[in-house]
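Swiss-Prot has this to say about the protein:
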- 5-69: domain 'J' (DOMAIN)
- 130-208: zinc finger (ZN_FING)
- CYS143, CYS146, CYS196, CYS199: Zn(2+) 1 binding site (BINDING)
- 143-150: repeat 'CXXCXGXG motif' (REPEAT)
- CYS160, CYS163, CYS182, CYS185: Zn(2+) 2 binding site (BINDING)
- 160-167: repeat 'CXXCXGXG motif' (REPEAT)
- 182-189: repeat 'CXXCXGXG motif' (REPEAT)
- 196-203: repeat 'CXXCXGXG motif' (REPEAT)
Amino acid sequence: MAKKDYYEILGVSKTAEEREIKKAYKRLAMKFHPDRNQEQDAEARFKEIKEAYEILTDAQKRAAYDQYGHAAFEQGGMGGGGGFGGGAEFSDIFGDVFGDIFGGGRRQRASRGSDLRYNMELSLEEAVRGVTKEIRIPTLEECGVCHGSGAKPGSSPVTCPTCHGQGQVQMRQGFFTVQQACPHCHGRGQIIKDPCNSCHGHGRVEKAKTLSVKIPAGVDTGDRIRLAGEGEAGEHGAPAGDLYVQVQVKAHPIFEREGNNLYCEVPINFAMAALGGEIEVPTLDGRVKLKVPAETQTGKLFRMRGKGVKSVRGGSQGDLLCRVVVETPVNLNDKQKQLLKELEESLGGPSGDKNSPRSKSFFDGVKKFFDDLTR
């Protein structure tokens, strides 16, 4: 596959000055550096950007690239390198130009520990009021014997004989010598000659640890709580990662939650719906009385202010909304059936206009619909 044009990679023109090239490089390197960008192709993009920068900020290499393209840096290109002598060494531009942003340098930094995730199920009551829970998680912790160094107590890591402590080695690439992470010490500049017997030189050991996690009042499904430094220990003394507790609130048999409001259905019999009355309804703080006005229809919402969930960020508290459901009586005895028939007759039948305005409106609409069809 053909290599992409270096100028296109950095988004600069072929006449761009070194100042413009450096500016473009810093912007793109910040965007695609693997420490900051977790996308799958970020590392490949970053290497591509770095390579383009290295060529275009070296006057000789840029001139060769402008004349011969990528062929100038392939083995055997330009007839053995006429005009470049025995080859020019790269300076470590990553450390010079980019080090101030990411704390870079010649040695590769030990890797920060991985972040961990823990899924925590809560009841609605726990989520609303807040709770402290103990959790147990498998993780990698700093070795207590060598304190993360990887070396046996009484010994120390030694300077890598391959890179002489630089963390990088020079490799031939076409006409030029480039610097890469040392394959022996993996860029650290040091090796463990006498490894710790407990962690076998890794500086970390597998353990299960118990943590006490305080869940604030008002959390909801999808909320995430970060415990800084409670992830896996870093390599060779590097900082630990973080632990993220992911909240999942279980379904409740009575209440449903929407934001900071709670909803519940309250069944009432049709006599109370017609005549009105008072009932007890549940809240998370206990029972409260609700006045039901006469002529209440199914679906009517009654709002009880301040009986919902307090915002996890502080401030106002949500409401409890009770949705009334008028229940049709079942298992009627003969007397009850007779009374209902008498009531129906007194109401003027199913479509009585005075006592059932919605029924009258519905049946009037049905009659008009069929009348229109027969015209």
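Each residue, glycine too, has its Cβ placed from N, Cα and C.
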Message: Let's check the environment of CYS199 (Zn(2+) 1 binding site): how many other CB atoms sit within 10 Å of its CB?
response: 22
Local confidence of the prediction over the repeat 'CXXCXGXG motif' (196-203), expressed as mean pLDDT: 89
- line: Answer key: the stretch among 143-150, 160-167, 182-189 with most Cβ pairs under 8 A to the repeat 'CXXCXGXG motif' (196-203) is 143-150
Query: Quick one: which residues besides CYS143, CYS146, CYS196, CYS199 have a Cβ within 8 Å of the Zn(2+) 1 site's Cβ centroid, in sequence order?
result: GLY144, VAL145, HIS147, GLY148, SER149, GLY150, ALA151, LYS152, PRO195, ASN197, SER198, HIS200, GLY201, HIS202, GLY203, ARG204, VAL205
Rounded to the nearest Å - Cα separation of CYS185 (Zn(2+) 2 binding site) and CYS199 (Zn(2+) 1 binding site): 18
Task: State the Cα to Cα distance, in Å, between CYS143 (Zn(2+) 1 binding site) and CYS160 (Zn(2+) 2 binding site), rounded to an integer.
output: 22
Query: What are the non-local neighbours of CYS146 (Zn(2+) 1 binding site), defined as same-chain residues 6+ apart in sequence with CB under 8 A from its CB?
result: LYS152, PRO153, CYS196, SER198, CYS199, GLY203
Message: Cβ within 8 angstroms of the Cβ centroid of CYS160, CYS163, CYS182, CYS185: which residues besides those meet this for the Zn(2+) 2 site?
response: PRO161, THR162, HIS164, GLY165, GLN166, GLY167, GLN168, VAL169, PRO183, HIS184, HIS186, GLY187, ARG188, GLY189, GLN190, ILE191
Query: CB neighbours of CYS163 (Zn(2+) 2 binding site) within 10 A?
result: 25
- request: Might you list, by sequence position, any residue in that chain lying six or more from CYS182 (Zn(2+) 2 binding site) with a Cβ less than 8 Å away from its Cβ?
  value: CYS160, THR162, CYS163, GLN166, GLY167, GLN168, VAL169, GLY189
- prompt: Taking DSSP states H, G and I as helix and E and B as strand, how many residues of the repeat 'CXXCXGXG motif' (143-150) are helix, strand and coil?
  reply: 0 helix, 0 strand, 8 coil
- request: Quick one: among the binding-site residues CYS143, CYS160, CYS185, CYS196, which has the most Cβ atoms sitting within 10 Å of its own Cβ?
  value: CYS185
